[in-house]
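For reference, the structure is listed below as structure tokens.
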Amino acid sequence: MGKYKIQVFTGTALGAGTSNKIYMTLIGSISNSGPHKLKTLTAFWPGSRQTFTVESESNIGELLLVEVEPRPRSLLPHIDDDWFCTKIIVTTPEGVNVLFPCYCWMGRDEKLFLRHSIAMLKTKDTVPQLLAHRQENLKKRRQEFKWSVYAPGLPHTVLAKSPHELPAEVRFSFTREKEFQFTSGAAFMKLKLENPLNGTWNSFEAIKEILSEKPETYEYVENNWMTDEFFAYQFLNGLNPMIIKRCSKLPEKFPVTNEMVKSFLPDTSTLESEMKKGNIFICDYERLRDIEGNVISNQKQYLAAPLCLLFSTQGKLMPIAIQLNQQPGPGNPIFLPSDSENDWLLAKIFVRNAEFNEHELNFHLLRAHLMGEVFTVATMRNLPSCHPLYKLLIPHTRYNLQINILARSLLISEDGYFPKFTAIGNKSMTTFLKRAASSLTYSSLCIPDNIKERGLETIPNYFYRDDGLELWDIIYKFVSGFVSHYYKDQDVKDDNELHSWLTEIRENGFLERSEAGFPKSFGTVKELVKFITMVIFTVSAQHAAVNSGQFEFGGFMPNFPSSLRCPPPKQKGETTMDSVLEALPDISTTINTIAVVYLLSQESADRYPLGHYPEELFSEEVPLKLIAQFKSALQDLEMKIDNRNKKLALPYTYLNPRNVDNSVAI
């Protein structure tokens, strides 16, 4: 017997409140209190905290669960009045506060059972009522979240064609949804763009006049995109810092000779000696080989599959040779900086178009968005809400499913942006994505391994590497402390829910490819820590690195053309400035691409930066302390990056923690 103080918290989002009657039952280890109506003279308003008293006539034992049931008021029986409850705090007769996280929507006549906030592995969850709740929680989620095959050979997706087919708690907030609709509808207005039916560009100056207001980085790109130094800089710190690697031996398909490039090397040096020193780097766009170009406005579009050779000297990276297709020989010359200005410029533009496809489809869509979706669906289906890893990972799944559904609908569908305004189109896009997916490995998603595999440990001024490795280490330390609090090595081996989660990620993300190097099981805490770090890094830092600069680096079309209207030149000396301009996308394609990269780069008003965990999912001292330490370490890195950037002509900001979201939310 005793009185329980009940504090009920309603979310702040528009529509979160309810006028429904709310009934609550306290369930203990011995019995329950029976349903009690929470008597209030007013509704449960958004942002409110209301306090009630529930008196139990019998001893219910240790408080385990809270049952919440909204019921319609008799005067408003037909009004759909869902309620978003964030949390409930119950103070027991002994004066102990027990937190029950909720953070979900409830409809009328829907019973919801909330469990206390103590995270628990299944092997240690011995109370029958809690085990039953755990099983029901997963059963419900497996019905709500199902796998779907978007295309054979690609990571699987959530089974939902519309955001409204998703459970309410994983959809955009009202603020985010309205903002996204407004932004997508108003991108042209905000940028003061006009969408002509057709037309071509007659000068680069005309392209510069598209926008009257531009970010500083956008202007820097406009003013420097033609230079070899900035062209090479982007392989390290631009939109796609992922394709460059050290070249210790030239591939046979790229027969660059010392004679060709000796004038770009130190007087006494050779190409062979510079490769031995680790100063030669290569970008290979082999995945674009033999890809058929799209048709835009009844005009054929063209793609190249280039190779680009670069030389690192005196802290700078410079291009020294470009071949535009994979098969060497007549009709596929190797372009050099010493060639005519127009020949060299057009060769670089074809490389930048190859960058557009590799960046947007492989390193952005596939490796961030689609892998993030795999992690999210597997988490929802296999980890109950009381599982410590669910509590750790759920903030890093926010909005991922809805943003991907919108991408499939608006960007890569048969009538989306890619078929309408890119050279790769729809059918070739799927071919390319399958090639990219077949090259996806576990180590490529782990930045320390990836940097080592690409031989980029010492190349100077590689800020993506420097900031990314620091972020990885900070996340790793946070995850290590967290996982070690709940797991010993034997706990890792015994956690069937964890292994079901891993199995679904392997089957639906890496499609059981043994060559991907994906773990088949976890045997130690260390293995688990690395994997969880990879998941969080992928959806936060890695996504930020390839997403946030799209408008700044890609808005000026010649630096990031989505399409080219002329085939790669087959011999030198024929390119003129007019033919360069003729190769560029038409005006409509340019304008629509600017609008898209603008939209994809916009921060949300309700964004959650990395380390920001507003939902109270934990009440234990250790995880709360670890979160505080995590935030502190991120703030220290912010200051370090800020101080470095003050000395740079072009600051690298994309991996500054304040600019990194918790999840793939845009």
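Even glycines carry a Cβ here, placed using N, Cα and C.
Since the structure is predicted, the reported quantities are computational estimates derived from the model, not experimental observations.
Database features, via TrEMBL:
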type	residues	note
BINDING	G15, G17, D81, D82	Ca(2+) binding site
BINDING	H364, H369, H543, I666	Fe cation binding site
DOMAIN	2-120	domain 'PLAT'
DOMAIN	120-666	domain 'Lipoxygenase'
SITE	W105	site 'Essential for stabilizing binding to COTL1'
Practice task
State the Cα to Cα distance, in Å, between D82 (Ca(2+) binding site) and H364 (Fe cation binding site), rounded to an integer.
Solution key: 36
Problem - Average pLDDT across the domain 'Lipoxygenase' (120-666), rounded to a whole number - result: 95
Exercise for the section: Look at the binding-site residues G15, G17 and tell me which residue has the greatest number of other C-beta atoms within 10 angstroms of its C-beta. Expected result: G17
Fill in the blank from the handout: If you measure between the CA atoms of G15 (Ca(2+) binding site) and W105 (site 'Essential for stabilizing binding to COTL1') and round to the nearest Å, you get 10
Exercise for the section: Kindly report the helix/strand/coil residue split of the domain 'PLAT' (2-120) according to DSSP, in that order. Expected result: 0 helix, 62 strand, 57 coil
Problem - Chain-internal residues near H543 (Fe cation binding site), provided their CB is under 8 angstroms and they sit 6+ positions away - result: H364, A368, H369, G372, D661, V664
Completion exercise
Of the recorded positions listed (D82, W105), the greatest number of other CB atoms within 10 A surrounds the CB of W105
Handout entry: H364, H369 as binding-site residues, winner by CB count within 10 A
Key = H364
Fill in the blank from the handout: Between the C-alpha atoms of G17 (Ca(2+) binding site) and W105 (site 'Essential for stabilizing binding to COTL1'), the distance in angstrom, to the nearest integer, is 10
Practice task
Under 8 Å Cβ to Cβ from D81 (Ca(2+) binding site), same chain, six or more residues apart: give me those in sequence order, or none if nothing qualifies.
Solution key: T18, S19, N20, P70, P72, R108
Practice task
Pop the Cα-Cα gap between W105 (site 'Essential for stabilizing binding to COTL1') and I666 (Fe cation binding site) into the table, whole Å please.
Solution key: 23
Exercise for the section: Determine, for the Fe cation site, the additional residues of the same chain whose CB lies within 8 Å of the mean position of the CB atoms of H364, H369, H543, I666; present them in sequence order. Expected result: L365, A368, G372, I403, V546, N547, L600, V664
